[in-house]
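Visitor: One structure coming up, written as structure tokens, with questions to follow.
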Amino acid sequence: SILTQGRGLLTKCVCLHHKYSTECSCGRNHFTCAVSAFGECTCIPAQWQCDGDNDCGDHSDEDGCMLPTCSPLDFHCDNGKCIRRSWVCDGDNDCEDDSDEQDCPPRECEEDEFSCQNGYCIRSLWHCDGDNDCGDNSDEQCDMRKCSEKEFRCSDGSCIAEHWFCDGDTDCKDGSDEENCPSDVPAATCSLEEFQCAYGRCILDIYHCDGDDDCGDWSDESDCSSHQPCRSGEFMCNSGLCINAGWRCDGDSDCDDQSDERNCTTSMCTADQFRCKSGRCVRLSWRCDGEDDCSDNSDEENCENTGTPQCAPDQFLCGNGRCIGQRKLCNGANDCGDGSDESPHQNCRPRTGEENCNVNNGGCAQKCQMVRGMVQCTCHTGYRLLEDGRSCQDVNECAEEGYCSQGCTNSEGGFQCWCEQGYELRPDKRSCKALGPEPVLLFANRIDIRQVLPHRSEYTLLLNNLENAIALDFHHSKELVFWSDVTLDRIMRANLNGSNVEEVVSTGLESPGASPQKRQKLVPYTRTEFRVCSLFHSVLHSPLEIGGLAIDWIHDKLYWTDSGTSRIEVANLDGLPHPFAITVFEDSLYWTDWHTKSINSANKFTGKNQEIIRNKLHFPMDIHTLHPQRQPAGRNRCGANNGGCTHLCLPSSKDYTCACPTGFRKTSSHACAQSLDKFLLFARRMDIRRISFDTDDLSDDVIPLADVRSAVALDWDSKDDYVYWTDVSTDSISRAKWDGSGQEVVVDTSLESPAGLAIDWVTNKLYWTDAGTDRIEVSNTDGTMRTVLIWENLDRPRDIVVDPVGGFMYWTDWGANPKIERAGMDASNRLVIISSNLTWPNGLAIDYESQRLYWADAGMKTIEYASLDGSNRKVLIGSNLPHPFGLTLYGERIYWTDWQAKSIQSADRRTGQARETLQDNLENLMDIHVFHRHRPPVRTPCEVNNGGCSHLCLLAPLPKGYSCTCPTGINLQSDGKTCSTGMTSFLIFARRTDIRMVSLDIPYFADVVVSVNVTMKNTIAIGVDPHEGKVYWSDSTLRKISRAALDGSKFEDIITTGLLTTDGLAVDAIGRKIYWTDTGTNRIEVGNLDGSMRKVLVWQNLDSPRAIALYHEMGYMYWTDWGENAKLERSGMDGSGRVVLISNNLGWPNGLAVDKAGSQLLWADAHTERIEAADLNGANRRTLLSPVQHPYGLTLLDSYIYWTDWQTRSIHRADKDSGANVILVRANLPGLMDIQAVDRARPLGFNKCGVRNGGCSHLCLPHPTGFSCACPTGIQLKRDEQTCDSSPETYLLFSSRASIRRISLDTSDHTDVHIPVPELNNVISLDYDSVDGKIYYTDVFLDVIRRSDLNGSNMETVIGQGLKTTDGLAVDWVARNLYWTDTGRNTVEVARLDGSSRKVLINNIKCSYLVAFAFYLIRYLFWTDWGHVAKIERANLDGSERKILINTDLGWPNGLTLDYDTRRIYWVDAHLDRIESCDLNGKLRQVLVSQVSHPFALTQQDRWIYWTDWQTKSIQRVDKYSGRNKETVLANVEGLMDIIVVSPQRQTGTNACGVNNGGCTHLCFARASDFVCACPDEPDGRPCSTGEFCEHHLSTSFHRSHCHYLCINHSSMATRASECITYPCCSLSGEGLHVSYIIGGLLSILFILLLIASLIIYRHNKSKFTDPGLGNLTYSNPSYRTSTQEVKIETIPKPTMYNQLCYKKETGPDHSYTKEKIKIVEGICLLSSDDSEWDDLKQIRSSRGGILRDHVCMKTDTVSIQASSGSLDDTETEQLLQEEQSECSSVNTAAATPERRGSLPDTGWKHQRKPSTESEV
């Protein structure tokens, strides 16, 4: 608005700018004030600038103005401001331009203080704490802290948990943790009971479409149209989300798709609300308050006369609402425009025009200045001008909110700030800083609880994998965090480090905290008042949409968030809104925001300085500041001894009161009763509650029980203080003490709908009805000795009561013919007593005093009673009973629950009058009882010796009194008291999570669980040994085969390794063997019944073998195959004589059984839906039953077949010959799998291997003509065909993270056998010591190196400390040293094999793989390096002479091995996906195999290279010469790591270190021509020898040939002195030389001469032939990676030119010879005159896919030579041809004769003398 008033144009422009805009523009002759925090612009006349008056309201019109000279008492700032001179150089920026702190003498800080750049001194502890304490941020100029190994560094330098990287959730503030993520990150897979959110998180499926945003992105609430509609009082959004019906058409979009605000008519607002144009209702008090609350500004329209805006403290409010500076008051000018700033409104003193500051200071009390010829009085800083324009008054700074951070003391012209205890004043002398640790913001994020440092980018996880954490708090001194979970309805707690998570409150909660969409609008439509004694003294009556609340204890202020207006508000502590999501600390507020999913902060006094602490959160909920000052110490009025109270001590404002838990009576002023004497017990589906009769308040209290889902029936036993209940959701019967302790499940099997429950408190028996199975059963009160009492003519039995006095039990039946029956408690004398006028007879109760039976009928809506025999029937209550359910009697009252009335009521038990309601508004009420301790004692015959019964003694009516009964399925013997030892004839079947039996000895079918004390996950196959009475089963999830006795005892796992999916299992009870099929490995195996001597019988041409059956007497084994070509096969039980019996018209052949009596084979096919039969040879095939829906298991006994059916979830029976007479054995059994029928009375039969195991040392297996001996997998049978070795001779040894396995190379099946080494977690590298027969391995999870025997025993830790990531491992079996690489420490280290004498040999390596060769021909360490520049290196065994062999064209060189046959190194490259090799010097590099998936480790044996592959999850091999004949040795192995070969030919030979450790005290290292002694890095207290020693070879012995010194390092001495001991030279005279040495020496010389002569003759004969034929090379190989056995190398006959280095002398124009041109291509020497070809030779490089053919180089079919790029002179050429000992051509020239060089092994090369001229070349 622009108004012309009086002195000029006054303009107030209120501009709505973009939130990031900071500029405004006013017209000419106007000054533009600074933009306000709300984006408003103010324009004032230009002449008002620099007039000393605050016209803008923020002093922006006076900033930078030169004012008149300040008073002598004041300091004149550079910006014109006057301040007290005493404030100069006090460390505070009082001038606001820092001019009062310039040129100040430096202040000396104390030793424990930090010196700020601005001269301030602060505590040293405040340096780098994330808080700007100096004011110029100089205390926070700190280096970024290093992230730990388990953290990820964000681009901004902050650290987050490593597993948060690329998890789909932005955890770094800059989002760098979700950048450059691999696209193939596997998505999380959720279980069948879970729902997968859009970003991968798994939540319980029951939370899908429940109206809560459990995923955090609403993906669980989309596509919900198919789900059930919302409850009453709720509105369903189009997306399926359910919201409060009152939120419909309220102007707020509460649905995620805004569908609640569509098609709305005009909404009706209440009387205290204002209706916006949009239809939204806001508070009436917000009308014309200057803020846009409607979001369309309609609440601020037409507001000229509705309110008065507030002016700044030093401004004047004009009558027209305008604000002007105080100095313009009474200045004779109409500045307001309405004259309200002048007389007569302000009683301004008339001006005489003679005023002058020089006369009496112009009448001013303090400062006087002339403005436009008139006197203007001003005041000193700290004072304000009064209305008379002359006088000054002290300004009370302490009255201004936030002037001081905490305490403030006003003084004349000044003030002083101070801090509460636990805080310290900052250098600015106004704000306070909390002492103690750095504050941490603790907040709930629904799925986790996290903590963030508010002043830094530090963000850590405290607790994760939570369901729905909403509210939280902490206990600082006890270091505990508490939170509520509204999904689990629990209050939990944990230590502040995240450990020890436990429940605090688990019952009686229905929404501890609330989900955000439900908490936003808890109050608006219901006016509520909330009163808290002693703290809050008044009540907020206006309805608010409160989200969070925080208390500032220092200032007694209350802060809250209002989600309806998106504001944070503050008030004194005189009202209590609903608390949520805000906290306060020091001068800052912190709050969570649902919409921006962020944590924000602002100044708590002004609301300014808003900052986002963290954003992109999952769903931030409650927040607290974790700091000791947030929980200051206070007086505990209850004292150290709980005020002397036995239970609760409740403090008040002055004293305390002792109180008792709900329902407990007070026995004195400080004491409560220790237990309840009597109380009403009732079930409410989700909980069980009690109402104490010991007190008068009749409040209900939840009994703290876990996992109560749908409790229906109840009963109790005061003798043991137990409460019993049934749960129809979990189909179980449980019990617990009346206080909730000692909770346990009593019965949880074979129950379908346990609706009634009764306790025989006399004989401790538990009776129940099951409306699903239509049975009445009984057991001991602990669930043991369970038996079926009544199973016939029951139709939905409901409630049951027992009368131990009379020996009767009574029950109601809800079936087609409702009735009430009774029988003896032993099921005798059954009788219907009421059968008319009944509909839904529910609760039963017995009045023992009047001998009456009461019942409630929900259909008839009555409560009736009759005599115990059914006579004298009468209606007790026949009106106002909508739906009675539970019923009980106590004293003179009858109590019942009513579903429809949702109440518990009572009446007089005799008249039905005096009705009362004990509790109402209770949903889901079920059974009811009164617990008391006054049951009368009853004498029974079962008291004495259990009535003589071996098992159950059940009461019965007189005269019988009692009877003995046996557990289900077991017969009572003829004496009427003793039960049989067990079932004789029975069915036993697997049901995934348990194993059950159905007795065939009794007249009814009832399944009994085999009570094995173990958790079963997915039990599939089952077998029985009737001889020992044991059951065997396979679990495909646990991947085990286990066994136990039929009574559940003697459980043990017999096979725990090498199983994937064991679908079939058969027990050979005669031969004492177990056979099984595995569809995962496609094998059929056998073993002893204890799992030993395991052998693979069939492994070829199998494709998903399933069922298996045995015929021991005939020696046959039958099995079905589910593969692509389904079939039914047979072989001998030793795997011989395999034949396909049936291969057509099969789909999914599941069950299989052999009918020995009928000589037929029976099987079930789930695809063709048939059960078929055929002769034992497959002939005469016929269909027995069709259709059967989905048969799985099949068995037969006597004349019946039995099968399980997945579709019907049942067990069926039919005649085995005709398929007729089909009956249902048991129904409602989900998860049915295999089934077997057993008759333990039948004889087993003749054992073919019964006499001395058939003479076999290991396995004796029948076949049709007899039996055969066999060995465990991988071991060959000896020539006697009876005995076996203990282990294979040659085998692969490999690791797969959690296992170490072997694959025999002696046999052709290539089956992996687990070595049972305990405690394997993440095994990476392996090696083997043939001397002690030990396996050495690294475990990077535990960071240890361990060893064990080959059978897995004697596991011990060799190196247990100082390791980080041990990737490579190598054993020097000669010197007894162990080498390893540690990529975490970037070192190669060595130690003795027992872990002693540890020493670092090589530093500065990266990710690496290591092999060590200590053989006397090669004594090197080789390793790969994954560093910045990948390379392969070599060094001596002592780490000296380190050399890079390969450093080009490498990616991720993983495995490394050496082949002694060809003297080449092989390695795998997982990045370039290939296998390569080179010679020992890194020359003659060759690609052996290209395009392998992801190789990791490799080894070599005979002509094969073996490697492990991560991607294909397999072990593969190729021919090492050609790279062809690729084969898969083993497939489907997860986590494959290292692989080595173990063979008798490996690790042979010796060296000087092999004899007495070379004389070294600690470490001995053999080198090429000598050996060295070395000391460990850490002295061990023993003197240590060091030195270098030569070794001289005489035959296989080592002798010292020179004198040497042995230096002993006395490392244990403080002086570290070294003493050198001189050893004498080897003498040839004196007594030291024995005559035997002379004779031995002469014989050795003679042997050498004969050897040389033989070699000369051999080479002479060999030179006569162009075809070299066969050459035998034998090398003793020291490596665990390479072959050591004798290798015959065939060379293919070639033309002569291939065996010669060809040359040609070229003639130039003058017929003179020119320079030779040599070209080597594909290993062939060719003649050439082209210079470019010579250049080609120099440029050859190893290529990934290049294969050079047609010549054998290094005894291989391919070779690729890598030469340097420089020119090759004669010397280099000779080196290329002669440097290696493994070249492949012979060099012949016309000018020179062949000449043998040295005594190198014959490798096929003929070395020549060095040519002296180019022409000779």
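Placement of Cβ uses the backbone N, Cα and C atoms for every residue, glycine included.
Quick paste from TrEMBL:
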DISULFID  C70-C82  disulfide bond
DISULFID  C77-C95  disulfide bond
DISULFID  C116-C134  disulfide bond
DISULFID  C190-C202  disulfide bond
DISULFID  C197-C215  disulfide bond
DISULFID  C230-C242  disulfide bond
DISULFID  C237-C255  disulfide bond
DISULFID  C249-C264  disulfide bond
DISULFID  C269-C281  disulfide bond
DISULFID  C288-C303  disulfide bond
DISULFID  C311-C323  disulfide bond
DISULFID  C318-C336  disulfide bond
REPEAT    721-763  repeat 'LDL-receptor class B'
REPEAT    764-806  repeat 'LDL-receptor class B'
REPEAT    807-850  repeat 'LDL-receptor class B'
REPEAT    851-893  repeat 'LDL-receptor class B'
REPEAT    1029-1071  repeat 'LDL-receptor class B'
REPEAT    1072-1114  repeat 'LDL-receptor class B'
REPEAT    1115-1158  repeat 'LDL-receptor class B'
REPEAT    1159-1200  repeat 'LDL-receptor class B'
REPEAT    1333-1375  repeat 'LDL-receptor class B'
REPEAT    1376-1404  repeat 'LDL-receptor class B'
REPEAT    1419-1462  repeat 'LDL-receptor class B'
REPEAT    1463-1504  repeat 'LDL-receptor class B'
TRANSMEM  1635-1658  transmembrane segment
REGION    1763-1817  region 'Disordered'
Visitor: For the repeat 'LDL-receptor class B' (1333-1375), report the average pLDDT of the model, please.
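Guide: Taking every residue in the repeat 'LDL-receptor class B' (1333-1375) and averaging pLDDT yields 91.
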Visitor: C116, C215, C303: which of these disulfide-bonded residues has the highest Cβ count within 10 Å of its own Cβ?
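Guide: That would be C215, with the highest Cβ count within 10 Å.
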Visitor: Over the span of the repeat 'LDL-receptor class B' (1159-1200), count residues by DSSP class, listing helix, strand and coil in order.
Guide: 0 helix, 24 strand, 18 coil
Visitor: Using C-alpha positions only, work out which of the disulfide-bonded residues C134, C215, C237, C249 is nearest to C202 (disulfide bond).
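Guide: If we rank C134, C215, C237, C249 by Cα distance to C202 (disulfide bond), first place goes to C215.
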Visitor: When the Cα-Cα distance from C77 (disulfide bond) is computed for each of the disulfide-bonded residues C215, C255, C269, C323, which gives the smallest value?
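Guide: So, spelling it out, the nearest of the disulfide-bonded residues is C323.
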Visitor: Counting every protein chain present, what is the number of Cβ atoms, excluding its own, within 10 Å of the Cβ of C269 (disulfide bond)?
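Guide: For C269 (disulfide bond), the 10 Å Cβ neighbour count is 18.
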Visitor: Can you tell me which parts of the same chain pack against the repeat 'LDL-receptor class B' (1115-1158), counting only residues 6+ beyond its ends and a CB-CB cutoff under 8 A?
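Guide: Same-chain residues near the repeat 'LDL-receptor class B' (1115-1158) but 6 or more away: 1064, 1066, 1068, 1071, 1073, 1075, 1077, 1079, 1084, 1086, 1097-1098, 1102-1109, 1164-1168, 1173-1174, 1176-1178, 1181, 1191-1196, 1201, 1203-1204, 1216-1217, 1234-1235, 1248, 1261-1268, 1270.
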Visitor: What whole-number Å value do you get for the CA-CA distance of C190 (disulfide bond) and C134 (disulfide bond)?
Guide: 52
Visitor: Can you tell me how far the Cα of C281 (disulfide bond) sits from the Cα of C249 (disulfide bond), in Å?
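Guide: A Cα-Cα distance of 10 Å.
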Visitor: Sequence gap of 6 or more, Cβ distance under 8 Å: name the residues on the same chain that satisfy this around C311 (disulfide bond), in order along the sequence.
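Guide: Residues satisfying the criterion: G57, L317, C323.
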Visitor: Going by C-alpha positions, which of the disulfide-bonded residues (C82, C95, C134, C288) is nearest C264 (disulfide bond)?
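Guide: Ranked by Cα distance from C264 (disulfide bond), first place goes to C288.
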Visitor: Rank aside, I only need the closest one: which of the disulfide-bonded residues C95, C197, C255, C336 has its C-alpha nearest to that of C269 (disulfide bond)?
Guide: C255
Visitor: When neighbour density is defined as the number of other C-beta atoms within 10 angstroms of a residue's C-beta, which of the disulfide-bonded residues C95, C202 has the lowest density?
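Guide: Across C95, C202, these disulfide-bonded residues, the one with fewest Cβ atoms within 10 Å is C202.
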Visitor: How do the residues of the repeat 'LDL-receptor class B' (1072-1114) split into helix, strand and coil according to DSSP?
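Guide: Tallying H, G and I as helix, E and B as strand, the rest coil: 0 helix, 23 strand, 20 coil.
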Visitor: Taking the Cα atoms as reference points, how far is C249 (disulfide bond) from C95 (disulfide bond) in Å?
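Guide: Computed Cα spacing between C249 (disulfide bond) and C95 (disulfide bond) is 55 Å.
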Visitor: Do me a favour and check the Cα-Cα span between C116 (disulfide bond) and C95 (disulfide bond); whole Å is fine.
Guide: 19
Visitor: What is the number of other Cβ atoms found within 10 Å of the Cβ of C77 (disulfide bond)?
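Guide: A count of 19.
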